[in-house]
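Lifted from Swiss-Prot, the feature list:
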BINDING   Ser110, Leu111, Leu112, Pro113  (6S)-5,6,7,8-tetrahydrofolate binding site
Amino acid sequence: MIKLLFMGTPQFSATVLKGLLDNPAYEILGVVTQPDRAIGRKKVIKVTPVKQLALEHGISIYQPEKLSGSQELIEIMGLGADGIITAAFGQFLPTILLDSVSFAINVHASLLPKYRGGAPIHYAIMNGDKKAGVTIMEMIKEMDAGDMVAKASTPILETDNVGTLFEKLAIIGRDLLLDSLPAYLSGELKPIPQDHSQATFSPNISPEQEKLDWTMSNQEVFNHIRGMNPWPVAHTFLEGQRLKIYEAQLAEGEGLPGQVIVKTKKSLVIATGQGALSLIVVQPAGKPKMSIIDFLNGIGRKLEVGDIIGR
């Protein structure tokens, strides 16, 4: 039985961890995940999906704010793991830790060397890519730059957003890891170096990127909305108040960027730099997420054709 230390945080990671837990060839000695966070206005403490799964299986849990130089680092190095598996962990691993195990493998949600970094799924959708994927790679000190063990891809559909693609890639990543790990560990599967000259990066989404730019084409704005749903969520402004936009559809029509060009009891169409978008699901400031029909029956009632949002 191969003894593993697992590191990860979101549901993507938990899906991969569950695959390892269900496989008798592996024993998870401990998991390392991000600290619990206070969420929302009520500051409700929320544990990570990886921590929740570890609690259900009675696995030791380590949650350092920063792994390097921590007491937790000393403790996990004493567990005697054969190797490390990471998936969307969110921290760099100290070299001393990488050197303490026989192997260290990362499950990364992109087709490397494209989209190294923390938000590959967001950028794949926002950039209008036709496919996304997962790369199983060896871990080195440089971010997502290790040799590649295996790759798998899937089409990005017009109906996909970050949430749906996250779920698809988690399953692909789980299966790809379980399929490739035995051959990798036996030496049968030889890792392939990345072409570093082709590397692109996907840094974590900044608050500035969440704001919609109505001068872009309707396809670009549409991709941007999908690439921010369900988190961190794209937004525009209506009378100085933030209006989050979760879903929209491509539409025809012309007008000034951000201008209301169609308003009925059931639809609100906004012009972009080229074409238009029909808003479907929005969230006004201080309100719950709602359909455009509910919005037009409430706060959006005062909007008129010709008005411009986003200012």
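Each Cβ is built from the backbone N, Cα and C atoms, and glycine gets one as well.
Report note: the (6S)-5,6,7,8-tetrahydrofolate site is defined by Ser110, Leu111, Leu112, Pro113, and the residues of the same chain whose CB lies within 8 Å of the CB centroid of those residues, excluding them, are His108, Lys114, Tyr115, Arg116, Pro120, Gly133, Thr135, Asp144, Lys151, Gln194. In sequence order, Ala145, Gln194, Asp195, His196, Gln198, Ala199, Thr200 are the residues of the chain that are 6 or more apart from Pro113 ((6S)-5,6,7,8-tetrahydrofolate binding site) and have a CB within less than 8 Å of its CB.
Within its own chain, Leu112 ((6S)-5,6,7,8-tetrahydrofolate binding site) has Thr135, Met137, Asp144, Met148, Lys151, Gln194, Ala199 as residues 6 or more apart in sequence whose C-beta sits under 8 angstroms from its own. The Cβ neighbour count for Ser110 ((6S)-5,6,7,8-tetrahydrofolate binding site), using a 10 Å radius over every protein chain in view, is 25. Note: Leu111 ((6S)-5,6,7,8-tetrahydrofolate binding site) has non-local neighbours Lys131, Ala132, Gly133, Val134, Thr135, Lys151, Ser153, i.e. same-chain residues 6+ apart with C-beta under 8 A of its own C-beta.
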